[in-house]
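S.K.: Structure provided below as structure tokens; questions to follow.
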């Protein structure tokens, strides 16, 4: 057997007839499959045992030889070799065709490869191959031309005229003869000459032909192999036939298609032997051609062959194509053993790294381990009795199971797995019942809730797999989100609410101003009802041993609340005492204003101090991030568990519920509504008098009602008591927001109709008062649209992720430093005056390209190639520096991937990225996963041109697919000055730009908004009108860097507007993949063809080679490809074929004799090899473990 891990590369090519015969173990002569009485395969049929091997292990067809001792014997009676039955999965047969037939992929594909080689149109080819016309194969010395088509009538006339001097024939035989006559070298030389002189259409045709002919010449494939003399028959186990319960047979469609070919082939042989008239033979040959076409790609030409019930049969091509094809169904996504699935329920008692596995599930999953352990412990004599013990579920089995699962992590996965946190490892604990218990804090990462979600469990078997699961995938390790480096395991809902309630402060609460010696004393007072959790009290600062106070602070009294004392118990040692929700308190120390000299009047001081806000969800997140930064993983995960327990405990104790009485009705509501109504009446009056247009009237009415709702919302929030449960829920960040509250207690406001236009009649009632029938009806539109949008969005977002993963799957950190001297200039990302992304956010975790100095003192803040961390980034910003040169994936020189320096910090771990990290896939997941949070809508602002800007998911797709954007902006192609702006006819305006050399004029629609005025100085690529730039246009007039930065800026803009943060480096990796190709304009003295697409790396290598010999290099221009196009243009044919357009990719690859170097992840998964990322990289595979223990002297037994 081939060892899959020793593959270097994989080749694909055309098979010669001899090659096909060498694969075969015998010729299939009969269309029979299985004998209906004996149920044994028929001899020489499609399932023949003599050709394909025995159906039963070690047993020949006639039964003369049985048992393994006859291994390798060929039976003298039935001719079957005695061997394993699984050879029926790998042995092929063949059919000798009575007449050559063409391969439909090469004749029918676009462009037709056969047509390009022969320089004939596909139309002409079709006429010849399907016996409609003759083609002249050898004109001899007649006036006919080679490859000329003749109809039946013309052929007869020429035969009468010239006799047998010339040769013309029809069918694939004729094409075969023409293909054999082609001299590749001569043709290529002629075409190269033609290229030098020709223009336009002829030139493009020549380039296309040259590409195909060069491919044949270089790959060693012969053009005549596109015509088949012999047809391979795939192994029978890959097209099985099985008996169903009713005695009927279920069979693969391929068997039907093969049977048609064999029947027609045998009939043709018989007709040829009988010497039948040519018209009958021709008809039979055409039918054979059609049968082979249907077998290879049914439905590609003419009507597809159908089976019972008019269903088209699945041909060989269909077996590979699409989601259900071989690539995506069986090679890239396999079903695995040692897995289970069940409903999840919450496990609040679990530790961060644990999950609860139902007992019976665990027993089934760990069965082999339990059996081994039972035998080792002597509780069973052999494996068989151990198995019996497990099946009978004897009591000792449970004890053994307990010890087996200890420290054996399992993987939990929730579909849809949108990012890498959708699969994490946990240590199992056994639980009763049949549901999996999940830790509440990992729900955010899985996007799981407990309303019936299910999860799958997988068991890592080998020691290496277990080690990887424990070290890399354990839930306690995955605290940061790979997309932005922020903690993903922040408490939510009840936990937030509990901690919020615990840290509330109230003026004048029971026992305010009491002084305590230490925390225990304060808690005792609380338990006995002398103080409340929210009471502000004083505690001796020196009693809080684990907290960092300054020496001065230690000697004083600390003003805090009882709840905050409890909250601070969960924080790690030497962390500042959290007394107010501010950045300085988290990062530096507790502010001095909370400390009193001993003996001061505590009550009086407390009475004067303002109330501090409680700790909301955001603050909890910041505390976690700071703890992670200081104390790393282990301490953070322990602290998270403590925070979770505290939150649950106090949200239970607080007993926060929602009742109708909590929804306070606003008294002023009626007045506000009446005032708004009178404003609307005014507007209507103006409209009726003709003072304003319909459009203006609509706009004003909408804005009046929006303003009224805002006023109500503002007043409502002010009128709420801060202990109102609904207010607490929304303020703490547990659930809900101000808008929900306004709808409950104020008014519902304006709604949109099904078309998305806002209805100008607002819903004046709130849910508390109840809606009228009309109002209820209007509300239903929005609800329905919301549900439909969500469903569509999920599918769109998933498909976007799939394309992103595909284009970047081979981007891996391949080396430490690529040695580039280029970088990008990082500035804050701005949209107008608003900053989308601050400079420090762009700098953190990146390597500096150039030294950064303080502009005033000249002090070096960061050296070249030094990592910029949070502190350094802050120093740079505080020094007033506005732009910094940093290393970037855009400018990295590593051929297939990125280097450590250009990538920077790994956001998921907060430390340097390792060589072998699959950063491309992480980037794709980071961009795709928030896709579902983006909106679907295109904003329409009442038909103002240039304002219908696409946003949300459609805009992201538009950018990554490099499509022409909606509402496209006009850009200038020259540097210069705007000299005039004129109105021209047809509602257009003309902008005239005068440059140093030439003057250009641009027209824009009359109502589009201009971004320039007369007299403005402008540079190439600058926008003249509002809207989105077409990046392809931008690439034509500016350089690569401008386009890269534009795409980065636009993608970040969409996500940040929706409140989603994504690290720049992820977008950079994707944009880099879109700009990897160069279109060759002039080949110079290199071997590349003009007009071809080449990888930047291959292009520079080819030029380097030519320059070293002192010749002329090729010139090219960078090309921007959309992600789908870029995926299909990848060097790996396996990756491209498994993505989309499978047959086109494979046709092309076979002709070129492509070689897949197996550099990406997909290719290796397909052939079943370890992926070249992480520990699968060759660098790590070659590491040999060496014992570092010194050998000791021989042990001496102690007497």
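Easy rule for this one: first residue shown is 1, then count along the chain.
Every residue gets a Cβ built from N, Cα and C, even glycine.
Under the heading Zn(2+) 1 binding site, Swiss-Prot lists 60, 62, 75, 78. According to Swiss-Prot, the feature Mg(2+) binding site maps to 449, 451, 453. According to Swiss-Prot, the feature Zn(2+) 2 binding site maps to 818, 892, 899, 902.
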S.K.: Which one is closest to residue 453 (Mg(2+) binding site) in space, judged by CA to CA distance, out of the binding-site residues 60, 62, 78, 892, 902?
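M.R.: In terms of Cα distance, residue 453 (Mg(2+) binding site) lies closest to 902.
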S.K.: Taking just the CA atoms, what is the gap between residue 62 (Zn(2+) 1 binding site) and residue 449 (Mg(2+) binding site) in Å?
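M.R.: Answer for this pair: 61 Å between alpha carbons.
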S.K.: Measuring Cα to Cα, tell me the gap between residue 892 (Zn(2+) 2 binding site) and residue 449 (Mg(2+) binding site) in whole angstrom.
M.R.: 42
S.K.: What whole-number Å value do you get for the CA-CA distance of residue 451 (Mg(2+) binding site) and residue 60 (Zn(2+) 1 binding site)?
M.R.: 57
S.K.: So, three-state DSSP: helix, strand or coil for residue 899 (Zn(2+) 2 binding site)?
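M.R.: Where residue 899 (Zn(2+) 2 binding site) sits, the three-state DSSP reduction gives strand.
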S.K.: Please identify, from the binding-site residues 449, 451, 453, the residue with the sparsest Cβ neighbourhood, meaning fewest other Cβ atoms within 10 angstroms.
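M.R.: With the binding-site residues 449, 451, 453, fewest surrounding Cβ atoms within 10 Å: 451.
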S.K.: Rank the binding-site residues 60, 818, 892, 899, 902 by how many other Cβ atoms lie within 10 Å of each Cβ and give me the one with the fewest.
M.R.: 818
S.K.: Inside 8 A of the center formed by the CB atoms of 60, 62, 75, 78, which other residues of the chain have their CB, for the recorded Zn(2+) 1 site?
M.R.: 49, 61, 63, 64, 65, 76, 77, 79, 80
S.K.: Write down the Cα-Cα distance for residue 899 (Zn(2+) 2 binding site) and residue 75 (Zn(2+) 1 binding site), rounded and given in Å.
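M.R.: That separation, Cα to Cα, works out to 61 Å.
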S.K.: Spatially, and counting Cα to Cα, which of the binding-site residues is closest to residue 899 (Zn(2+) 2 binding site)? Options: 60, 78, 449.
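M.R.: Considering only the listed binding-site residues, the nearest one is 449.
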S.K.: Could you name the residues, excluding 818, 892, 899, 902, of the same chain that surround the Zn(2+) 2 site, i.e. Cβ within 8 Å of the Cβ centre of those residues, in sequence order?
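M.R.: Filtered neighbour residues, in order: 815, 817, 820, 887, 889, 891, 893, 894, 898, 900, 901, 903.
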S.K.: Under a three-state reading of DSSP, tell me whether residue 449 (Mg(2+) binding site) is helix, strand or coil.
M.R.: coil
S.K.: Given the recorded Mg(2+) site (449, 451, 453), which additional residues of the same chain have their Cβ within 8 Å of the Cβ centre, ordered by sequence?
M.R.: 344, 448, 450, 452
S.K.: What count of other C-beta atoms do you get within 10 angstroms of the C-beta of residue 75 (Zn(2+) 1 binding site), across all chains shown?
M.R.: 20
S.K.: Just give me the nearest neighbour of residue 902 (Zn(2+) 2 binding site) among the binding-site residues 60, 78, 449, Cα to Cα.
M.R.: 449
